[in-house]
Amino acid sequence: MRNQTQVSEFILLGLSHVQRLQHLLFISLLLLYLTVLLGNGAIVAMVISEPQLHKPMYFFLGNLSCLDIFYSTVTVPKMLSVFLLGHQSISFGGCLAQLHFFHFLGSTEAVLLATMAYDRWVAICNPLRYPLVMSPRACLLLAVASWATGFVYALMHSVMTSQLTFCHQNHIHHFFCDVKPLLDLACSSTTLNMILLNTVTTAIALGSFTLTALSYLYILSFVCQKVQSQEGRWKLFSTCTSHLTTVALFYIPVLFSYTPPSSGSSHKRDMQVSLVYSAVTPALNPWIYTLRNQEVKSALKKMLGRKL
């Protein structure tokens, strides 16, 4: 169907109210983005090059690091250009691409975190079957399924949004093109778009969270019943702490976004949550996994030792 929009570009207003702090925000975002690129890039390089990290847990960690790099790249460079050049406009095609990749990568991360929780459950509760259950082929299929789920979900959003008519309003109260701000500007019916947003989005987020929570409930039950020593329990739990921290950083902003907003703060809170997902969490994840994981720290020392 031919797109009926009369709008050729949108204006991103999300950061226009903080122009007095633009230099500080530019430097902060630039440092965060460089941390994302360097930290996650180092993890990907380690997972590929170090044989000791050729395990399912680190295979999924490599996928997570790739996601974080792409996720930040969807929004942060545009924010930096707004602060540096004052260029707040984005083309209609660029807007749809930004929407697609933001939801593609975000939903993929939710599914991937559930997959990583399943990996921890098998490793702790079924260690004898772990090499069979989490074989290289099974890990590849789980990773492909995570990326494919996110891609199909985002494709539905981008296709549905592309069919909307945008008449004259083109000012988006956000720092990137997200679904809800675009739906607010549409002058055609958005009923199907809202149904998709409320049902499918909730299903993916809630389904992934439920699988993650169930995996850790089974782990907790198994460890409390089967492992008697305090040292043994701590050793098993320590293999999960990095992933649990990442899960908390991913889902806590979601909980805040679903609490009732105060008057007029809905747009502001959506931007704050998106900023956490786009820049803060991807920058923290490499530190979480390197500071808490001896194998990753050892591999990093070996990799740096070879380069020095």
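Backbone N, Cα and C define each Cβ position, glycine as well.
The following features are taken from TrEMBL:
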TRANSMEM  24-48  transmembrane segment
DOMAIN    39-289  domain 'G-protein coupled receptors family 1 profile'
TRANSMEM  100-118  transmembrane segment
TRANSMEM  138-156  transmembrane segment
TRANSMEM  203-224  transmembrane segment
TRANSMEM  236-259  transmembrane segment
TRANSMEM  271-291  transmembrane segment
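For the transmembrane segment (203-224), the partner stretch with the highest count of Cβ pairs under 8 angstroms, out of 24-48, 100-118, 271-291, is 100-118. Over the domain 'G-protein coupled receptors family 1 profile' (39-289) the predicted model carries a mean pLDDT of 87.
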